[in-house]
Amino acid sequence: MASLVESGWRYLITNFNDFQLACLGSFFLHESVFFLSGLPFIFLERAGWLSKYKIQTKNNSPAAQEKCITRLVLYHCCVNLPVMIISYPVFKFMGMRSSLPLPSWKVVSTQIIFYFILEDFVFYWGHRVLHTKWLYKHVHSVHHEYATPFGLTSEYAHPAEILFLGFATIIGPAITGPHLITLWLWMVLRVLETVEAHCGYHFPWSLSNFLPVYGGADFHDYHHRLLYTKSGNYSSTFVYMDRIFGTDTGYRKLKALKKTGVEDDGKEM
């Protein structure tokens, strides 16, 4: 497996330069992973499949879904891609490389874990700031246009928010100067995580069922369906920041009530 990855990477660095891989390659990889992982949830919602796992009964209209896709393509091309190009010199200065040898899995996994922890910390505080009255009204309310989120709404946001919270995603790699393959892996995992958190479905195989510290769709869906002043659940990936600072009390109370209701039903039977 390692030799196969190395052979594939050798082909890339032989046929493309650093700039092409880091900017255009990253952009195309992001778009592919994002839309391939997010679009199926639109089809699930429209077809009504697996509806028993849907967190909210309300569905988005086809027009609302199409509006989201159109805006996303515009924002990705006019905001995300330019940011990737502009930030390239910074990453190079901090030591990012694409050459062989590839980093060991120990190095890659350590950096990825660090990125998730740092991103979650920075995102939590940035997200709380966006829920102040003025910033919510003029910036963050765009993301909350969808009270019933689906996978692609994860990146539907005001351009200012894309830049503001995007900082949380790139700060880890920016200060560590990783190998490009590590950056790509981080990007893929982060995209899959945020799409899952916005997908609107809580499946038996959802990661939050097996990893208590992970938020997931049920945790973040609660944030979307409440008023901005009462929502809580500000973290992107994990739940401990909200637990520490008491911004998940409403969610935990709701979970406790649901659990009690299930237990009561069981006793009646």
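Keep in mind that glycine also has a Cβ here, set from the backbone N, Cα and C atoms.
Automatic, uncurated: that is what TrEMBL annotation is.
Residue counts for the domain 'Fatty acid hydroxylase' (113-247) by DSSP state, with H, G and I taken as helix and E and B as strand, are 88 helix, 4 strand, 43 coil. Sequence annotations record features per position, and here TrEMBL assigns domain 'Fatty acid hydroxylase' to 113-247.
Sequence annotations record features per position, and here TrEMBL assigns transmembrane segment to 21-43 (among others).
Remote same-chain partners of the transmembrane segment (72-91), defined as residues 6 or more beyond its termini with a Cβ less than 8 Å from a stretch Cβ, comprise 19, 22-23, 26-27, 30-31, 152, 155-157, 159, 162-163, 166, 170, 173-174, 177, 183. Sequence annotations record features per position, and here TrEMBL assigns transmembrane segment to 72-91 (among others).
Note on the transmembrane segment (103-125): residues 165, 167-169, 171-173, 176, 178-179, 181-182, 185-186, 189-190, 234-238, 241-242 of its chain, located 6 or more positions outside it, place their CB under 8 angstroms from a CB of the stretch. Under the heading transmembrane segment, TrEMBL lists 103-125 (among others).
Under 8 Å from some Cβ of the transmembrane segment (162-186) lie the Cβ atoms of residues 9, 18, 21-22, 25-26, 29, 75, 79-80, 83, 87, 90-91, 94-98, 102-103, 107-108, 111-112, 114-115, 118-119, 122-123, 126-127, 130, 139, 155, 236, all in the same chain and six or more residues away from its ends. Annotation comment: TrEMBL describes 162-186 (among others) as transmembrane segment.
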Original post:
Tell me, what is the mean pLDDT of the domain 'Fatty acid hydroxylase' (113-247)?
Top reply: 96
